[in-house]
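Quick look at what TrEMBL annotates:
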BINDING   B:121, B:124, B:125, B:259  heme c 1 binding site
BINDING   B:173, B:214, B:217, B:218  heme c 2 binding site
DOMAIN    B:108-196  domain 'Cytochrome c'
DOMAIN    B:199-282  domain 'Cytochrome c'
REGION    B:289-320  region 'Disordered'
TRANSMEM  B:32-54  transmembrane segment
């Protein structure tokens, strides 16, 4: 066996360095908001009346109800959930077409929790170099103590994560009490255990492996991006050739001298202005002269800051790659370095693929918002809005009373002893309110006086439907002997239901079957 | 393994695997992926030992845990039976006259009764309970032997004209084909068919025939007698058909339907459950001295007269 690579490789641990900057700050804000929503939402109360849960967001699987603030979804209205999923899909299309893997970099739970775990790790064990040293150090008491502290904190976060999830499926305060007194149902414990395990392992130990080897999204997104998509990239036409130290200084001084000799000028190779609009002055007055001497050093000083802060352990200067989640931390890291060496920011930046040839040829950068103004993005945004508007409209035209009428067809009619003809109907009435409702039933005016209406088990043609249920009653329509409906094959009839309290009403058209006499 | 080399384009080593000249680059899989694969293999081995797995000639190996889907179903049925035991117990003891007032028990009885009905009654009375020629329609409001909950339960419990139950309801209509002449039967047939139209049962020659031969059971007013299951001849319901041929045949043969007793086979609780189900099919009669429950009651309360086709006149005005 020669010294060739094995077919399998162990994970190489990654110890990202701390970084600060605008994207880091944005990510802190997003983490605080998303985690805040995740952990706190189940505890928001929402009064719906005495017989309905008072939890603002609740997925009641046992009773097949979904509550979201003032909205209540029954299983037959699952199209709302389907519509939201369609919107989620279209939203991802839109964001991917416009901003690449922005979901992966900022909002994906794997990213957010890994970020949180890294923060804990850094807090306990120190920054990149300290963690690297600790990793390579033998297992001393100190190392064991630090590692155990880190893992315990991770485990606490993981338990809280799994614990928060189950609160979405049951009344949170009740379940919390049951969990505290060890009386919660087994499925709650199993769910917490499973999510604790996945959070702990994925956030603490698998990290970038999840994104690279387990998640299908990087492949799908690679196919959905195009040359106009903004994504984190390295301006190699500005950074190369990279170099550091003496050699670099010599080249830079040569370039400086050449530029001075040539006098101030605008044009030629573009002054490297980052794509983000930084104010008109930056454009009119280039922050730094361009290297005019061929062979002069690029802006990249090969300090490896972008590599050291990367949670995926990659080098963005290699170009767009599947492992890049576009978390933009390398932008912050590089900007910091550019500030320090007095070069303009944006060596690593949000850039579209189509920018590369233009900027390399000296063209002016295009503003980010112009990149977003592409037909493709408008189509996605339009579709997304259309589905959203349709859902909102559907939500508001949902009838308060829902009635269905199923004529009993076995048999189609019954002859009573006095010769009258009776039809039966299974009438279902939905009551979505938090209290029982009385419904009055009647036939439409056209049949009034010709068809008598009665309800099985009721003396006054009224139905009481308990709170939050669908009531089913058998309704009888009876035609007197020899009357038109009794002797006709079919007669159209309209059944009305009215909520006795609110006065809302609904109708369903159905038919009355008579005994046709030849 | 001699084919390993560095690929010129990518700078990546090849695995040495070659198919028709196509080589495979070695981008190593993560080691944990391999361990995950081994873990699934171990899992499957344990699963095969514990659960039904290998098909043999007429069944699968049973597995050490002895688990089966059939066993699951049996356990579920047992659990349901256990949960319904108390309901069935109270159904056995409840006074049928007050059963409809016990909402939970009454609802349970109707649901359970519907299942029993479809199993044991639908063969004769039809799955919709509409009956057939010679088999009574249970949806209408005529009852040969009475239509209260207690009457229906008694009929189900003991049956009709059977030899198995000494308490079975019993009566016998003679075969008048052996007693009357053909033209007398023809006369009676026309007479009986005219009764629902309001004809006097005692009028004329046919009336005399009726009084002599039929009135002892069907009554002088021809309205029948429930104590002996003699049908009312003045209503619109004809168990054995309403054509002259069918009525004449009924007079000649004296048809007497038979119903088996169900008390032994179903048990008291299920008998009562079926009674509750049948009683609520639209023709059930209230107990004596009780307010009527369904059937036609309140029918006039729902007759609106509103010009815009919408009933509920007064409320409608209030909401708009």
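Just so you know, glycine gets a Cβ as well, placed from its N, Cα and C.
Note that this is a predicted model, so its numbers are computed, not measured.
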DSSP-assigned states of the domain 'Cytochrome c' (B:108-196) in counts, ordered helix, strand, coil: 46 helix, 4 strand, 39 coil
DSSP three-state assignment for residue B:214 (heme c 2 binding site): coil
Cβ-centroid neighbourhood (8 Å) of the heme c 1 site, B:121, B:124, B:125, B:259 excluded: B:122, B:123, B:135, B:136
Tertiary contacts of the transmembrane segment (B:32-54), as residues 6+ beyond its ends and Cβ separation under 8 Å: 60-65, 67-68
8 Å Cβ shell about B:173, B:214, B:217, B:218 centroid, heme c 2 site members excluded: B:213, B:215, B:216, B:230
Residue B:173 (heme c 2 binding site) versus binding-site residues B:121, B:124, B:125, B:259 - nearest by Cα: B:259
Binding-site residues: B:214, B:217 - member with fewest neighbouring CB atoms within 10 Å: B:217
Greatest inter-residue Cα distance in Å for the heme c 1-binding set B:121, B:124, B:125, B:259: 11
Sparsest-packed of the listed binding-site residues (B:121, B:124, B:259) - C-beta count within 10 angstroms: B:124
Cβ-Cβ distance under 8 Å to residue B:125 (heme c 1 binding site), same chain, at least six residues away: B:117, B:131, B:132, B:135, B:136, B:137, B:138
Inter-residue C-alpha distance, residue B:218 (heme c 2 binding site) and residue B:259 (heme c 1 binding site) (nearest angstrom): 21
Integer average pLDDT (0 to 100) for the domain 'Cytochrome c' (B:199-282): 94
Of B:173, B:218 (the binding-site residues), the residue whose Cβ has the fewest other Cβ atoms within 10 Å: B:173
Distance from residue B:121 (heme c 1 binding site) back to residue B:214 (heme c 2 binding site), taken between C-alpha atoms, in Å: 31
Between residue B:259 (heme c 1 binding site) and residue B:217 (heme c 2 binding site), the C-alpha gap once rounded to whole angstrom: 20
Rounded to the nearest Å - Cα separation of residue B:217 (heme c 2 binding site) and residue B:121 (heme c 1 binding site): 28
Tally of residues which DSSP labels helix, strand or coil - the domain 'Cytochrome c' (B:199-282): 43 helix, 3 strand, 38 coil
